[in-house]
Amino acid sequence: MAPTVLHLRSETKPLEHRSALTPTTAAALIKAGYAVNIERSPERIFDDAEFEAAGATLVPEGSWEDAPKEHIIIGLKELEEKTCEWQSNPKTYEHPANPFAVPLKHVHVQFAHCYKQQAGWDAVLARFPRGGGTLLDLEFLVDERGRRVAAFGFHAGFTGAALALEVWAWQQNHTEPFPGVESYPNEDALVTNVKKAIDAGAKTAGRLPRVIVIGALGRCGSGAVEALEKAGLPAENIIKWDMAETAKGGPFKEITDSDIFVNCIYLTSKIPNFVNLESLQTPDRKLSVVCDVSADTTSPFTPVPIYTVATTFDKPTVPVDGLQSGPPLSVISIDHLPSLLPREASEAFSHDLLPSLLGLNDWHNVPVWARAEKLFKDKVATLPAGALEN
């Protein structure tokens, strides 16, 4: 019987250096009997040679489009809509939301960001059933208790809080927007840079920032708190909130009384907003930086409805307009924050994902993947009329 082929595609999102597979997990999959194809990548934190040394087969970048239908395509971030299977099938598939939403024929394991009615969700999701493909979304890959089997949460919180500290420090000495950022080789390099920035900012401000983290008990929140501690903030400057503190319902003045707000809450239903444009109008507002780690910019469930633009590594912040008083307020809403620490984040994520990956050769019957398939079908059933028509 031919081995199951797993095909790791090269990421196309700008400055996305992470990888769902690492040389270590690729070697484990090969040892278990899988064939592992790795697309060459100019962006991935791991060198192509590292995968080749692990026994994987290197294939051209973008070759997943022409791979046999039975190959399972593994990636992280969303696909480029205009390139998928385009060269081999140049027919334009009309769709009311996106005329270039070309159908997908494979099983895809990735984050698709289309299950919470984000902007354009129907065009993204419809591509899979229209091509006979399946989406097994990593964001919703859960065990029998409903807990995610693998997540970048810790590193998202860590890097988000670190970046928020840098933005606050920048604001103390500059009026122009915070400049672009790049990935760091390791955590120590990031922490060193943050400490240097904080020292300069605190010298001008005459104090260290006060930071509130909501979701502090979760993986994401614990990462944020650890970054703040490693950056040198004293315990009294770190406000740790979780479900008990937010149970009364927002908006919360404790947020506008802080210099920095780090949102680490993951939501699938609407709750009272933690902060909104009205609550920001308080004349004694101190808040000048919000890091929305969840980055659900267009989700109707966001508890931080004060911005509408997703930010990027080259433009990390967006200003909040319409404020009548207080300091300028910048929002960080980068949806791949862990790529600031791509090697460590990838190693941790792929290690946790490996037990599930080992079941892909019988994924229809493996509970974790069967649950993901059921959720996919349930979401497809909610697509608007006409979304599945070519």
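Residue numbering: from 1, along the chain as shown.
Yeah, the Cβs are placed from backbone N, Cα and C, and that goes for glycine too.
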Cysteine of CYS220, CYS291 paired with CYS264 via disulfide, per TrEMBL:
CYS220
Would you give the longest CA-CA distance, in whole angstrom, between residues of ARG147, GLY218, ARG219, ASP242, THR246, TYR266, VAL293, ILE334, ASP335, HIS336, LEU337, the set recorded as binding NAD(+)?
26
Integer average pLDDT (0 to 100) for the domain 'Alanine dehydrogenase/pyridine nucleotide transhydrogenase N-terminal' (7-159):
88
Just jot down the residues in the same chain as ARG219 (NAD(+) binding site), at least 6 apart in sequence, with C-beta under 8 A of its C-beta; none if empty.
ALA151, GLY153, PHE154, GLY157
Please report the distance from the Cα of CYS220 (disulfide bond) to the Cα of HIS113 (active site, proton donor), rounded to the nearest angstrom.
18
